[in-house]
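Written below as structure tokens is the structure these notes are about.
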């Protein structure tokens, strides 16, 4: 199938020079207020009904439209000039690409490259970043092309001095442009409220105009004819109904100030200021990485103060994503130190690349922190990975260099969740070494491993109970003849074009069986600083936190306990682990019965749940649930729970729980959970994450927050707000969010009050002017008044001050004004400014003292709770708890489930190898997170916090 290919021009802007004016005006006049004032301007051009000149409307309308247009053009310009690499490939980890061997032989010979006449037959343009299928026909041979041999538009080349290529897709056909879909436009509740208010105000204006028009018709019929003699009107022109009709439109013009034309612009200016407050906040600045907080949007600030649900990733968001090798299980025993065969496997089975720096130190370049931790652990224990070529791996085993022949590399991907290498040792034996998710490897073990499998499973549960990330380790001895036959089939599969990936996956499955279990590894990913305090304070603000992670269940549960999202004081923790929709539905039903059964035995509490009986209906039944509950559900069960006939039960149970942990979830499932709550709970949601797998969740929530951590900037670039540490979320929501919302509400109240006060004067004046649509106060009058009182008062003060101390006044009245130049000289004295400061303090102190005394004399319920908590903390110190295994479940490695395809094909191709002096390769920057939080006293929320103040009542903080 032939396609008409595009040129290389791309269009990422929303506007162009020719389309900006019509498109922008069309968008702006979709706003109710702007459309109304355009209609008002048309009315003012009709002399019979207008008592105001047309420029009184067109000037503010043009000003508002112009300011908004400039803002839109500026935003579009900056978004267009964002480097394309920032859209998809702004990651710290190295992405591997290499050329075909037949084309790489062309080298940098321009004459040979100019004669290249190959033909590429490939798939149609699409947005799949991880897959490409094509065939190059050249010199009578066909060569398969896959994703590893394609460089996408927007990539930044590293570790190579030059690169020649053949363009396959250009312009809009590139995968970068195919993925640059439109981002959802996010609006705040304030925006929706303002539009609703404008509609109601417009209705109110219609009512005022109707009342005054009726009054005019009555007045014209009963009184107006007495004045027609003086106006030289003819009797035939007497028509009170028509007069009322014209008066209606006249009053629509006069009373137009009740509809706020400058409201939207004023709100945008305030939001811009709030955004700068966030950017300038030094308490949200992470000095170790010189990363400030950034408000990437200016339209959602006040929505931060209305968050009800927070959806958080675990790895890199709650934890540091800096891995440390802690323990291992070898042949049924737990070790903190070494075992030779086990360490040999760790030194051989990986995709790590090594290099030496200028000081001669060995540096590992890794694709993930987990792999770096395992290879570094082997290195520290005597098995040092030194170097590799396409055919060999060199290891220093306890001081002795040993070279292994690399025969095959079976790489990681999202479906295999494991990786393997096949090597020949110096004795000539062929061995397959494999590591991956324990649930995956355990299914491929030889039956003789049953006893060892049981012991290792128990150890994995123990590791997970301590919050460690685990991997299973296994091997297999291969027969030389069997391997040669298998390798021949693998080569044939690599050269085919039909179902190539499926055939290769089948061969991998065939050889990765009858494995012998060797043990398991445990890597620690520590919590970030301030996570516990942040979670506790957000819980006190009645914000529910849901953790959505790809880690195994035990790891996720124990991280929940470490963060205080799960506590020993909880009434129950419900675990949903069904394998079918029926099982999941039954488990959800039993959990609800258990919850309601416990609920009947209590009479007070503080958790409120609004239950929807049906997702299609708006009827809401409020129920009060006593005690604290938690829900744990894995990805397999979640897939069934998100089905249309089960998700109602899931949502009902989850919203009754204080904490929800979804483990083993995919990026799509993260977004689906957010959409479920966002759609059917009518609650404001926030999603926070640090990796590419969190992008869909971040975009789905009302507000997305990206953390600039170890996994690059994809989450940051897709977010509305970004910072470097999870603990800054507390200040973003409880300080900036609350203040922005309070300020905006106060502004709106004042704004509408001012407009109504000015407009109703004209309404009242209509009863005294015969409903003749005359204005009581001209708009220019109020404009002059505003300027006089603001600028005039300042100018008058300084004018009088300097005049009374000037040479001229001294010459006229020397006895009354003897202090020549006193004002100018005195303001340069420090003591004068000290007096001004003391005067200001003396004026402010009574107000401040009253505010402090009010808390003690007339405390609110929140003040009482805060005082009670301080007293409780002094009386009972915070107890520490050692993490322990909570419940048993399927054991899987979050690392293996989250790992992307590695460097396997590049390693075996040899294109990354240099004979001498290899160029330095970009490594991963590992920065430990260490900072303190301003909230140190807030450690625990107890279930009896409110019950001590309000018995038999439901209290929402």
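Yeah, the Cβs are placed from backbone N, Cα and C, and that goes for glycine too.
Look at TrEMBL and you will find 313 tagged as active site, 4-aspartylphosphate intermediate.
If you look up TrEMBL, you'll see 313, 315, 690, 694 marked as Mg(2+) binding site.
Taken from TrEMBL, the feature ATP binding site covers 313, 314, 315, 371, 412, 435, 469, 549, 550, 551, 664, 670, 693, 694. Within 10 Å of the C-beta of residue 550 (ATP binding site) there are 27 other C-beta atoms, taking all protein chains into account.
The compositional bias 'Basic residues' annotation in TrEMBL covers 872-890.
The domain 'P-type ATPase N-terminal' annotation in TrEMBL covers 5-58.
What TrEMBL records for 716-775 is domain 'P-type ATPase C-terminal'. Here the domain 'P-type ATPase C-terminal' (716-775) has a mean pLDDT of 89 out of 100.
Annotated region 'Disordered' per TrEMBL: 872-895, in sequence order.
The annotation transmembrane segment is assigned in TrEMBL to 197-219 (among others).
Here TrEMBL flags 239-265 (among others) as transmembrane segment.
Same-chain neighbours of the transmembrane segment (756-777): 49, 51-52, 208, 212-213, 215-216, 219, 223-224, 247, 250-251, 254-255, 257-258, counting only residues six or more beyond its ends whose CB sits under 8 Å from a CB of the stretch. Summarising the annotation, TrEMBL assigns transmembrane segment to 756-777 (among others).
As annotated by TrEMBL, transmembrane segment applies to 789-810 (among others).
Feature annotation from TrEMBL assigns transmembrane segment to 831-853 (among others).
Counting in whole angstrom, residue 664 (ATP binding site) lies 11 from residue 313 (active site, 4-aspartylphosphate intermediate) by their C-alpha atoms. Note on proximity: of the recorded positions 313, 690, 694, the one nearest residue 550 (ATP binding site) is 313, by Cα distance. Here the transmembrane segment (239-265) has long-range neighbours at 31, 33-34, 36-37, 40, 43-44, 46, 48-52, 57, 60-61, 64, 67-68, 194, 198, 201-202, 204-206, 208-210, 212-214, 216-218, 220-221, 224, 751-752, 755-756, 758-759, 762-763, 766, 771-773, 775, 779, meaning same-chain residues at least 6 beyond its ends whose C-beta is under 8 angstroms from one of its own. A separation of roughly 15 Å, to the nearest angstrom, links the Cα atoms of residue 313 (active site, 4-aspartylphosphate intermediate) and residue 469 (ATP binding site). Cα separation, residue 690 (Mg(2+) binding site) to residue 412 (ATP binding site), rounded: 22 Å. Between the C-alpha atoms of residue 315 (Mg(2+) binding site) and residue 469 (ATP binding site), the distance comes to 10 Å.
Other Cβ atoms within 10 Å of the Cβ of residue 412 (ATP binding site) number 24 in total over all chains.
Taken residue by residue, the domain 'P-type ATPase C-terminal' (716-775) breaks down under DSSP into 41 helix, 3 strand, 16 coil.
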